[in-house]
Amino acid sequence: MSKVFKLHSEFKPAGDQPQAISKLEEGLEDGLAHQTLLGVTGSGKTFTVANVIADLNRPTMVLAPNKTLAAQLYGEMKEFFPENAVEYFVSYYDYYQPEAYVPSSDTFIEKDAAVNEHIEQMRLSATKALLERRDVIVVASVSAIYGLGDPDLYLKMMLHLTKGMIIDQRSILRRLAELQYARNDQAFQRATFRVRGEVIDVFPAESDELALRIELFDEEVERLSLFDPLTGQIEQVVQRFTIYPKSHYVTPRERILQAMEEIKVDLAERRKVLLANNKLLEEQRLTQRTQFDLEMMKELGYCSGIENYSRYLSGRKEGEPPPTLFDYLPADGLLVVDESHVTIPQIGAMYKGDRSRKETLVEYGFRLPSALDNRPMRFEEFEALAPQTIYVSATPGKYELEKSGDDIIDQVVRPTGLLDPLIEVRPVTTQVDDLLSEIRKRVAINERVLVTTLTKRMAEDLTEYLEEHGERVRYLHSDIDTVERVEIIRDLRLGEFDVLVGINLLREGLDMPEVSLVAILDADKEGFLRSERSLIQTIGRAARNLNGKAILYGDRITDSMARAISETERRRAKQQAFNEENGIVPQGLNKKVSDVLQLGKPGNRGKGRGKGKAAENVGQYKNLTPKALDQKIRELEAQMYTHAQNLEFELAAGLRDEIHQLREQFIAIS
């Protein structure tokens, strides 16, 4: 059954959107491998991409440069496609300290990591959707280029059940154990199963709301049903069901035994090399560590750091690329690279950093050379694997422009009629006093101001100066974690303060329609923060306001400033001509502040009496750090299961609604 993408929106494509949609679709149908959508801030790039996906009906992966932007895109796509599979695939580590060795101080650092269970469940849900259906959009971070379990082995491990199938209970239980599910008759949670007579309840690893009940009679599957694990209420009777492994890295027993033999051969060869070079300590260390890992694999089927042996487990040859999320994407899939000027360089950088750390581990006998093949994809491997690609950015990089050639689609005209900000260049000598008078003009009419400086020191001094002069100002810097950053931007929009000072505000990627003035101090100092691309991005922060204006403080106009001003004026002129031609009066954006943290509407979950109470309770946790929030979710889950065991289903359901909302908040801030 192949479902079709169904786009839900109260708006129709307008402005430059219709021509951008038709050009992108035309290019994809003509087989173009690379296209670039050059869309200005506020022109509805996500809506354009959503229309292309819906019209062509192809499974799509959207790559975002960080978790914050991925969460925002996921929320938007969920709203556009509520009836289709919109999935979220980012790193599931809350904390990650990779294995490393520092030769200068002879210090070995053990791997240490904390995995977030909810994000792990969403990753499993993403790969399941890609394997089962075509109406899929996976919003991913650069985590997508890191090694994942081999899709062929993953498919072989699945347990298919159908009504009327002849299979005995012990066979089902054995297969569940092979899939790394644990039996737990007391606390029924994700990736566990329980047995009651001839009834087996399984909580699938990729599900967060429904579990499977298998009812057997005389070694035959009599009935398969999906039920609410909290209340026990049957939601749906199904004819067939596929149980997926608990992890992407599950490997069949025979493959593990085969891998162990290959590891022994490689260990013997490596020992010879180390002894020949008189590296006795390294040889002893490697032998001891590898033999311990082999013993663990033999007894348990896995070991700590098993990813370092992934080459043997997936049957790859030395130097071959690891299987990644791209291997799960169908051949006719589509790749959308959002904020491509940031994302593309990130993909290229991942491999090199990983490689240098691993080479030290191999050289000093902590790992076999095969550990070097547990790595992210190299950039050229990414290029070879990537399907037809659309790069989306307001300021595309050199790579995208070269690859796209003439296939660059402009989306400069905004449907709202909003013009790009007016730009003024003013002298540096009086920049602080001039800025203060401009801020006061904006505050008087309830508008907000962004100020970007070159150094941390200057940002701190400016914040202090503005505070002394009675302005409500906050300072955004790298030491502030994601949750606090989102809160600061939310407070700016709500009017808790009027001025936000920062060094690199263009990275936020969050919409702030209340901002009417962007002030760029020391704009004439050439460099990374004052390049043409950075200036256009920063100026664009005021492009969602009717009175948008950017002031560049500089004693001369640099080449970067000239190009940024010229490009902004070109876009402004094009928008103005469109407005006059179509009789459009520019309208300010009126985006609800709650939208900043919203992560896709959670469907029909939690309707009813407990919902308001849940929302009320969630409010008291809004200032928690991601780590504290994760701990709170675990505590509430434990309480929920206790209520369910005591048959207090109303209390359990209320806690479940609260947990759902906290999880959405957690993903938005992590």
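Cβ atoms are placed via backbone N, Cα and C, with glycine included.
Annotation source Swiss-Prot lists domain 'Helicase ATP-binding' at 26-183, citing sequence analysis.
Using a 10 Å Cβ-Cβ cutoff, THR41 (ATP binding site) registers 22 neighbours. According to Swiss-Prot, the ATP binding site annotation covers GLY39, VAL40, THR41, GLY42, SER43, GLY44, LYS45, THR46, on the basis of sequence analysis.
Look at Swiss-Prot and you will find 92-115 tagged as motif 'Beta-hairpin'. Per-residue pLDDT, averaged across the motif 'Beta-hairpin' (92-115), gives 86.
What Swiss-Prot records for 431-597 is domain 'Helicase C-terminal'.
Sequence annotations record features per position, and here Swiss-Prot assigns domain 'UVR' to 630-665 based on sequence analysis.
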DSSP three-state assignment (helix, strand or coil) for GLY39 (ATP binding site): strand
For LYS45 (ATP binding site): DSSP state (helix, strand, coil): helix
Nonlocal neighbours by CB distance (under 8 Å) for VAL40 (ATP binding site), same chain, sequence gap 6 or more: ALA394, GLN411, VAL412, ARG414, ASP420, GLY540, ALA543, ARG571
Distant-in-sequence Cβ neighbours of THR46 (ATP binding site), under 8 Å, six or more positions away: LEU73, GLU76, MET77, PHE80
Winner by Cβ contact number (other Cβ atoms within 10 Å) across the binding-site residues GLY39, GLY42, GLY44: GLY39
Residue among binding-site residues SER43, LYS45 with least C-beta crowding, 10 angstrom cut-off: LYS45
